[in-house]
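Here's what TrEMBL has on this protein:
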DOMAIN    10-219  domain 'Aspartate/glutamate/uridylate kinase'
BINDING   15, 16, 17, 18, 58, 62, 165, 166, 171, 174  ATP binding site
BINDING   57, 77, 138, 139, 140, 141, 142, 143, 144, 145  UMP binding site
C-alpha cells in the first residue's frame, strides 16, 4: 500500500538504461522488469504527475560491442538508436496493458510504427497526462541517451531527470569493486565535476547544469522507489544547484 501521497513534482522525465531492461541471459528484454516498472509508472501517473521516458538500447545492441567487431562507429550508433525504439515499443505495449495512455515519439519517423518528435504535440499530450516515450536518442550519432534525456527534459520543461540505475545512488567509487565506497545523498553540479564522478557522460551533465535541471540517481530495481521519490522521500542521490 502506498503511504506517501503528496506529489512534489508536476512533470518528470525518467531515464531508463537499456541495461536495466536486460533479462538474465543478457540477450533481450526482461518481461518481469517491464511489468514492474509499468506498475511504478502507473502509481505516479495516478498522482497527476506528467511523465516522459527516455530509454536506452544497450540490452539489445551496444555501440562499443559493435565497433569491436568492425562496425563503423556511426553505423553502430544508428543501430543503437533503433534499439531504443524497440525498447520503447515494448514499454508502450506494457503500459497499454496496464491501461496507461502512452505515446511513442522518435527522433526519426518509422512509418507505421512511431511518429517523429514534435515538441508542441509532446507538451499537449503530457498536459493531458499521457505518458510520452522518447525513442531514437537525439537522432544524431556520437550522442548518448543520457544526452537525449537531458535535452528532452529541457525541451519539455520537466522539473527533474530521474535516472534509474542498478545501484542505490552516486558513490565515491564503484561499490562493486570497493567495499568502502561512500554513497552521496546530495551533490552540487560543481561537486560532481570536481570529484569527477561518473553520473552520465559529460556533455549530458553539462546540459543539465547549464539549464539547472536537477538529477536524481536511484536504484530502478527497487519496487515503489520511484513513487517515494516523487512524493518527497529522500532516496538515491540528488544533484542540483
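All residue numbers here begin at 1 and follow the chain in the order shown.
Glycine too: its Cβ is placed from the backbone N, Cα and C atoms.
Known features from TrEMBL, placed on the structure.
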{"residue": "15", "record": "ATP binding site", "contacts (Cβ under 8 Å, 6+ apart)": "53, 54, 56, 145, 146, 149, 161, 162, 163, 164"}
{"residue": "17", "record": "ATP binding site", "contacts (Cβ under 8 Å, 6+ apart)": "56, 58, 145, 164, 165, 166, 220"}
{"residue": "57", "record": "UMP binding site", "contacts (Cβ under 8 Å, 6+ apart)": "18, 80, 81, 82, 83, 84, 85, 86, 87, 145"}
{"residue": "138", "record": "UMP binding site", "contacts (Cβ under 8 Å, 6+ apart)": "107, 147, 148, 151"}
{"residue": "140", "record": "UMP binding site", "contacts (Cβ under 8 Å, 6+ apart)": "107"}
{"residue": "142", "record": "UMP binding site", "contacts (Cβ under 8 Å, 6+ apart)": "73, 74, 77"}
{"residue": "144", "record": "UMP binding site", "contacts (Cβ under 8 Å, 6+ apart)": "137, 200, 201, 203, 204"}
{"residue": "171", "record": "ATP binding site", "contacts (Cβ under 8 Å, 6+ apart)": "181, 182, 183, 184"}
Return one of helix, strand or coil for residue 171 (ATP binding site), based on DSSP.
strand
For residue 58 (ATP binding site), just count the other CB atoms lying within 10 A of its CB, please.
21
